[in-house]
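Novice: Structure below; questions to follow.
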Amino acid sequence: MSTLITAFVRGHRRTGSDVQFIERTRQDAQQSMGKELQKLILTAPTSQQDLARTELAGFEQLFGRYLQETGPSVLWDKIKLLPEGGAKPYNDLARPETAKVKDLLDKLVVLKLNGGLGTSMGCKGPKSTISVRNELTFLDLTVQQIEHLNRTHGTDVPLVLMNSFNTDEDTLKVLQRYGKLQLQIHTFNQSRYPRINRESLLPIGNSFTSDNTESWYPPGHGDVYQSLVNSGLLKQFLDSGKKYVFISNIDNLGATVDLNILNFLMEQEQPPEFVMEVTDKTRADVKGGTLVEYEGKLRLLEIAQVPKEHVDEFKSVSKFKIFNTNNLWISLDAIKRVTDDQSLHMEIIVNPKTLDNGVNVIQLETAVGAAIKSFEGAMGINVPRRRFLPVKTTSDLLIVMSNLYSLHTGALQMNPKRSFPQGPLVKLGSHFSKVKDYLSRFSSIPDMLELDHLTVSGDVTFGKNVSLKGTVIIIANHGDRIDIPAGALLENKIVSGNLRILDH
């Protein structure tokens, strides 16, 4: 994983002196890191030193694991397909009686992962502040959903946002506009960890208060467990009688509170401590993490853990048939237990980056779903595709802005006139990758109700009231431009560089 470890060719037998050398260099790296972290803590203002000490202790523990853990995190031959009943069909869940709903919701906390920026879509600030539908942002839609839930059922489900140091300030400004709504909103920050110089294995920053954000990074959403504890919110929610937290990505517009799942959790004699919503894999999802059985426990298997020779097998829709939506229902008591006794374990994701100044760094991260193996009675629920509607790109944005969906109290619902439940596969080229450019290329969003597949590449614009049906491929060659005229109907068509329209 690090230069200390990969210098040895896997499979070669190490002599006793080799092993001793590696052990000494590991210890040296750990001690050097410890000294540098102490220096960083002392640069923090006195009022922030306890926080700095807590966060950097978590980092130091992760770094120690990084140095110790060699070889693959899973052995392929030990992986077993999910056993019968490992993922319960959603349709087997009962709807709760109306009289029970308030009592169920009184036990729930909703937590949205809000640490990401909108930079990949060409936007400044938190991704949650990008407009996705009717001028409403991800955050607006989330707030609308929970507020509607509370008003409808006379309950008080709190909304919690886990921000990062990248999104916290801007998010807090936006939250001021929701002050008059019937909704408690809590925020806390995930940890801020130092980026590591890949050669020296030491932090690249030299001050905890440094405005140089390149020296720091948020360590993935696996940090949610310990950061929730550190914020004091976990204790507050347990003291007020809350039982479960529903965690999801704020950019998954399908991740609404589901009463059937909540009812299932509360009805069990031995309630599962951890439920992962999974859904059927399609060709668009082949890289998504899947649930497997490993050494008698459920485990999330990510593509980064798969040996190269088995990647095609992992991507197979016929073998690994489901993938993780990152909609998770977790017992608050269980989170307290696994953080108190330090039994929480998530695989380390090593994320190498090259900074603008040419320095090679690594970030050590973890993923929230990987903790599934640390909880008792963990299981999957195989949910309908409508519960997984992420917006990662402008291609996704086009789908959710179109007439494929309608908006009801913050929740998107598939248009009943769509003849099959899955959305189309949409691939917009680099001319559309930034939101501003994407919006400028559509005079109005096309009718996509009967669309199966859309690929657009090159300099292409769309006039008003265009209809797209079946498979449509539009490719403007370099130097060419294609303007789809207003009112055009493209059904099973290929449109090429000189605007010839061919049947597909």
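Just so it is clear, glycine is given a Cβ too, placed from its N, Cα and C backbone atoms.
I grabbed these lines from TrEMBL:
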type: BINDING; residues: Lys127, Gln190, Gly220, Asp251, Lys392; note: UTP binding site
type: BINDING; residues: His221; note: substrate binding site
Novice: Do you know offhand how many angstrom separate Lys392 (UTP binding site) and the residue listed as 'substrate binding site' by C-alpha?
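Specialist: So the alpha carbons of Lys392 (UTP binding site) and the residue listed as 'substrate binding site' sit roughly 16 Å from each other.
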Novice: Report the same-chain neighbours of the residue listed as 'substrate binding site': residues 6+ apart in sequence with Cβ closer than 8 Å to its Cβ, ordered by sequence.
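Specialist: When sequence neighbours closer than 6 are ignored, the residue listed as 'substrate binding site' has Leu113, Gly115, Met162, Gln190, Asn249, Asn326, Thr366, Ala367, Val368 within Cβ distance under 8 Å.
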Novice: Pick out which of the binding-site residues Lys127, Lys392 has the most other Cβ atoms within 10 Å of its own Cβ.
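Specialist: When each Cβ's neighbours within 10 Å are tallied, Lys127 leads.
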Novice: Let's check the environment of Gln190 (UTP binding site): how many other CB atoms sit within 10 Å of its CB?
Specialist: 27
